[in-house]
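Database features (TrEMBL):
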ACT_SITE  E128  active site, proton acceptor
ACT_SITE  C371  active site, S-methylcysteine intermediate
BINDING   C148, C152, C155  [4Fe-4S] cluster binding site
BINDING   G197, E198, S229, S252, L253, H254, N328  S-adenosyl-L-methionine binding site
DOMAIN    134-366  domain 'Radical SAM core'
Amino acid sequence: MGSLCMIFSVWFVPMTSLPILSSPQPADDQPGAARRSSKPHWLDLTEDQLIEWLSDRGHPKFRAKQIRRWVYTGRAETFEQMTDLPAKLRADLADAFELFTGSQACVSTSPDGTEKILVRLHDGGEVECVLLRDGARRSICVSSQVGCAMGCVFCASGLDGVDRNLTRGEILEQMLRLQHRLPADERLSHIVMMGMGEPLANLPGVLGALDVARDENGLGISPRRITISTVGLPPAIDKLAKVGIPYNLAVSLHAPNDELRSRLVPVNRKIGIEPVLSAADRYFESSGRRLTFEYVLLGGINDSEQCAHELTGILRGRSVMMNVIPYNPVEGLPYVTPSNRSITRFKQILESSGINVNFRQRKGNEINAACGQLRRNRQSPQSDSHA
Ligand code: SF4
């Protein structure tokens, strides 16, 4: 996750800290079964492309707005449900497109209402997305790639590298699938691009989907309620700044110096912390949005007093929110949760230096809660029972 798929910012419970999930519900289909679609994904169409498609077939342009309303606020799952469209148009749409090209491979629900969906894509790839209920907030965390190339050593999503970028339609489909889980009188309020993958490595797909997410004729979510998370790819951060839309940016640091960061986040070897911080500063200057940094606290690795002091040193003078997330173990990886003592000490040092710190306490050791684990477990024969 260019994002640390495991982290959510201020209002989020991090994925690593999701409460224990109930037994997953039965899947729509069987593990490993690709659902090959021969038709284009309707959600990949821009509004202009939709209007052109309508015009080419003799349908009036105003139908575009009607169709979009059905999809983004009417929660239609098929073209047939768009009952105020002429039957011919509904038939033309169904002949030409698939509204959703994926399927729900697995859904897990926690007692607090958090829901996690494993979406199987048309080619058999799988990604995860999460809906969190927190007071009036209905926040979602969405994936941007199948797998991840960043290779963070503590992350399940990056264990097998990256397969491909998601299309804008596949990113939108995750948002809509989560929206459909809400009662009719509730709507999505916040989006975090912090699921599987590095969002800034897939800017076209991510920005295309977010254009719809913030459009008043789309999901109507303010960019100020949308966060893009990244491990820190300076050229892509600069590109995002040039787009000029005030999305929140969350940069995953995980270490206060290059030696340690390069061990934990291998892509750092080619970049270095200072260029990441400089790019974040430029984003802050152009967007006016407060910067958020993420730091997964790994027991015995990056949770020492010295690390905390170094961290305060590199962040000094910056207006930032620091989200610190005690690690949730991932099966097969050698990293452990920090002790309560080191968590407390780390917190004290950051707070006493005047940094705004948001600490998330780990809530459990649940299987499948951390980003990438649900997908990973589904791919192993032992875990097919989750389906
Ligand atoms: S490997 Fe990718 S998905 Fe995992 S934490 Fe790193 S950037 Fe995020």
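Every residue gets a Cβ built from N, Cα and C, even glycine.
Bear in mind that TrEMBL entries carry predicted annotations, made automatically and left uncurated.
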Binding-site residues close to ligand 1 - of C148, C152, C155, L253, only those whose C-beta is under 6 Å away:
C148, C152, C155
Of the binding-site residues C148, C152, C155, which one sits closest to G197 (S-adenosyl-L-methionine binding site) when you measure Cα to Cα?
C148
Pull out the recorded positions from the set E128, C148, C152, C155 whose C-alpha sits within 10 Å of the C-alpha of E198 (S-adenosyl-L-methionine binding site).
C148
Measuring Cα to Cα, how many angstrom lie between S229 (S-adenosyl-L-methionine binding site) and C155 ([4Fe-4S] cluster binding site)?
15
Taking just the CA atoms, what is the gap between H254 (S-adenosyl-L-methionine binding site) and the residue listed as 'active site, proton acceptor' in Å?
22
Between N328 (S-adenosyl-L-methionine binding site) and C155 ([4Fe-4S] cluster binding site), how far is it from one CA atom to the other, in Å?
10
Given the binding-site residues S229, S252, N328, and counting only Cβ atoms in the protein chains shown, which has the most within 10 Å of its Cβ?
S252
Near the Cβ of the residue listed as 'active site, proton acceptor', how many other Cβ atoms are there if near means within 10 Å?
30
For N328 (S-adenosyl-L-methionine binding site), which of the three DSSP-derived states applies: helix, strand, or coil?
coil
Per-residue Cβ crowding (10 Å cut-off), top of binding-site residues C148, C152, C155, L253:
C148
Can you tell which of the recorded positions E128, C148, C152, C155 lies nearest to S252 (S-adenosyl-L-methionine binding site) in space, using Cα positions?
C152
By the DSSP assignment reduced to helix, strand and coil, which category contains G197 (S-adenosyl-L-methionine binding site)?
coil
